[in-house]
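Colleague: The active site, nucleophile annotation in TrEMBL covers 108. Annotation comment: TrEMBL describes 198, 268 as active site, charge relay system. Taken from TrEMBL, the feature domain 'LD-carboxypeptidase N-terminal' applies to 13-127. Look at TrEMBL and you will find 167-283 tagged as domain 'LD-carboxypeptidase C-terminal'.
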């Protein structure tokens, strides 16, 4: 896995709207200010304020903005403005230009871009987008910059479901987005990875349906372990007969015979701990600890 050059204050970074239209202008401004307060020069892509329905401009406009930032020799990192929807459309017929790899930071809908980079063997960051960055705790913000600037990462603590201790490459994703990427040209190899999953506002039966698809595809027999983040606001309709999302996760994932940790601090609606995509980690399913061997 290729790890891009670590950032240093003073470097130029580019804000790119890869997915949904940017509507949270105050939140975006606060996120940009955090980067500037750390000493970075934030450049706005030409498309950042574009709107085409729910998208931040046409596919070609978003593709051009990402390509321009990726090929800019002065740009050291790409900061995704927000999630929403649209990265999969951008990646249709997409080719990464042969250039010095650089950091790309995002989560949720940005999963598609993170996975596309992982397939190329390039490390990226599953972490806050600019419109959510200011909602993070100081500790979570420090963790993001520690990752990008090449400092060690503290382990994450969750609830262990058992399964012992295992090492593998970490592949984070939003469950819904990743499910729609399975079998596409964007999907990286899943053999031997430690899969980290999160989601938001999906009813329990939808989570059940997606995990059942993964089971029927045989993917859970290929991976080494599962790290579950936050499944926030994944609630059933009022007065409906339904299991809770916690019950669904336990029922669909608890019988796989692999190590699992739940309730890790990443995802929506709370601290979104930065995760280095594609790097080696150790997951202890008995003690509920996800440990990072970073940087190596």
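Placement of Cβ uses the backbone N, Cα and C atoms for every residue, glycine included.
Are these features on the surface or tucked inside, and what touches them?
Modeller: Neighbours of residue 108 (active site, nucleophile), defined as other CB atoms within 10 A of its CB across all chains, total 26.
Counting every protein chain shown, the Cβ of residue 198 (active site, charge relay system) has 26 other Cβ atoms within 10 Å.
Residue 268 (active site, charge relay system) carries neither a helix nor a strand DSSP state and counts as coil. For residue 268 (active site, charge relay system), the Cβ neighbour count at a 10 Å cut-off comes to 21, with all displayed protein chains included.
Break the domain 'LD-carboxypeptidase C-terminal' (167-283) down by DSSP state and the numbers are 33 helix, 35 strand, 49 coil.
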Colleague: Averaged over the domain 'LD-carboxypeptidase N-terminal' (13-127), what pLDDT does the prediction give?
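Modeller: Average per-residue pLDDT within the domain 'LD-carboxypeptidase N-terminal' (13-127): 96.
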